[in-house]
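As recorded in TrEMBL:
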- GLU44, ASN48, ASP90, MET95, ASN103, SER110, GLY111, THR182, ARG341: ATP binding site (BINDING)
- 1-341: region 'A' (REGION)
- 552-629: region 'C' (REGION)
Amino acid sequence: MQDSGDMNNAQQERNLHQFDAEVGKVLHLMINAIYTNSDTCLRELISNASDACENLRYLAQSDEILSSYVQDLHIEIILNKKENTLSIYDTGIGMTEEELRKNLGSVAHSGTQKFLEQRTGDRQQDSDFIGKFGVGFYSVFMISKNVEVFSCKAGSADVYKWSSDGVSHYCVEKSEEKIRGTRIVVHLDPNSEYLDFHNVKRVVKKYSDYVSVPIMLNVHGDAVQEEDSKCVNSSIAVWRKSKNEVSKQQYEDFYKEIAEVPDSPWGVLHNVNEGVVEFTNLLFLPTNRTFDLFSSERKRRVKLYIKKVFITDEGVDLVPYYLRFLRGVIETDALPLNISRENIQNSPVIGKIRSVIVKRVIDFLTCKLKNNFDEYLHFWSNFGSVLKEGLCEDHVNAPLLLKISLFYSALKKKFITLSSYIEGCKQDQRSIYYFSGESTERMLANPAIEGLLKRDIDVLLLTDTVDSFWVGMINEFEGKKFVSASSFDLGIEKDQDASEANSKGDNDALCKYFKTCLGQKIKDIRISDRLVDSPVCLVSEEGGMDSHMERILVTRKHIEKPSSKILEINPSHDILQKLRSRIEAGTCGVDTEDVVHLMFDQATFLDGSFPENVVDMSNRINRALSRIG
């Protein structure tokens with residue numbers, strides 16, 4: 001006759017099972033490829049608990065016995081610091097002994113997925129089943145070396161216990177526990193961060209705030225304020241509601257919560273998108289600039305949710321960099337919950353979502369520009385420089401972005417669109433003229449544009465760094481080429497009066513004298529067709545970069561120093577005429593050389609740069625002042 005010890009050992013052997021897959025390899029895969037953040041294991045366990053509740057809710061619709069079980073669907077997280085355990089308890093459908101073996105004994109086997117495959121029904125209800133139980137569940141072994149699962153199938157009184165260290169075997173046995181649904185007990189190290197109430201609450205709020213059943217958080221063995229033991233999740237995913245069901249105040253409250261800013265949104269895009277890829281977006285355009293808008297990381301803050309579970313807001317091209325001012329949520333069921341960030345990034349689903357979002361934002365901004373220019377101007381003053389990055393980075397949508405871009409008009413002294421610029425063009429005008437610089441005030445004072453303005457030809461003043469890049473990539477708009485006002489050839493007709501004045505006297509001798517005085521400081525010298533009231537200006541050589549672009553490249557250390565420019569002179573100007581008289585009379589000296597150098601220094605200042613030798617310039621000014629009287 002066998003003794004009780006032998007019987008117990010035999011019973012344990014019958015309850016002990018080997019995993020159907022090599023769990024060690026799978027765990028290594030999850031830690032190094034699927035999951036890079038241990039917080040996601042809580043996300044997975046909570047998602048499975050929510051899944052079980054939704055499963056029960058659905059079955060209860062056609063099963064009278066189960067209908068009494070759905071009155072108190074919830075999830076409870078219990079931290080026990082004395083026993084160093086974290087327990088996640090749900091009042092969902094539960095599992096039988098056989099289901100525990102099938103769902104937890106085989107990695108990547110999903111009871112939920114099998115359930116979904118076997119049923120048909122409402123698509124919206126189907127989407128509430130969060131996902132792949134197998135692999136997601138095993139992420140718990142990232143933070144634990146011993147896990148117990150107690151479960152009771154709804155409608156049954158039998159409770160079974162599954163336990164494992166996640167290495168090679170697991171045990172399934174009957175339990176004396178009295179529970180409803182499923183309770184997962186995770187054994188932790190004494191110093192684990194997942195025994196800290198506030199840290200666990202943070203994880204729940206971040207990843208599972210919109211799970212549709214209440215999530216309670218309690219602590220055993222530690223004093224916690226009474227209010228902290230209540231429901232910690234919001235439960236209501238605002239973006240899943242119809243537009244007609246969401247008030248303006250609810251939009252504002254959600255915006256402030258998700259964007260973490262005190263102001264109200266400038267614009268709201270709330271759409272349910274059907275087609276090749278189904279997804280929902282609730283996106284906000286801020287009223288004011290966000291603090292990190294121009295940080296070098298160019299972080300995007302739109303959050304990706306899969307079946308109401310937060311996945312990530314970093315490292316995924318849900319929106320392009322030039323729309324990084326957007327805040328909000330995009331949710332899709334077209335991706336698996338346990339997908340890695342790398343696989344998300346490479347998924348064609350993301351590319352399709354991004355294309356739709358870009359089109360929606362551009363359409364929204366186009367409508368705003370058309371219906372309320374002043375409101376749009378407020379948006380543009382905050383985010384226009386970021387939006388224009390798309391002119392360099394998004395060749396497909398660049399023509400549409402150009403149409404909603406605003407530029408400061410030197411003639412009208414206000415912001416206009418390119419379409420408005422073209423409406424004001426002269427009949428034979430073939431170009432859109434622009435000028436780049438640090439500020440509109442300095443550019444308006446630059447003599448390089450005065451000839452165009454005198455001819456009543458507008459010049460668009462570009463002050464953003466990105467402007468110097470996109471104008472080199474986009475050649476034209478509606479058939480008119482972009483031409484810098486500082487370029488070698490403006491392609492405009494010569495002013496007849498100025499031409500006659502410039503032809504009088506020996507301009508060749510004047511140009512030669514300038515070249516002799518300035519030497520290598522200038523690339524060349526020529527008689528100007530653009531100057532009206534000013535004596536000199538600097539322009540770029542044919543095909544060369546403008547000065548503003550060169551200064552940017554010098555700052556970024558892409559080039560060592562700016563190139564030499566062409567000096568244009570206006571012989572009809574009073575200073576130049578007096579200088580020419582001195583040259584013709586052969587009475588030039590230090591004073592006339594000083595005049596040439598000072599005019600060059602002046603042109604350099606007005607072009608936005610500093611003279612190479614400020615001390616020499618100062619000495620010339622002092623000599624000129626000493627001649628007074």
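From the backbone N, Cα and C atoms, a Cβ is placed for every residue, glycine too.
Reduced to three states, the DSSP call for GLU44 (ATP binding site) is helix. The secondary structure of ASN103 (ATP binding site), as reduced to three states from DSSP, is helical. In terms of DSSP helix, strand and coil, the region 'C' (552-629) has 46 helix, 5 strand, 27 coil.
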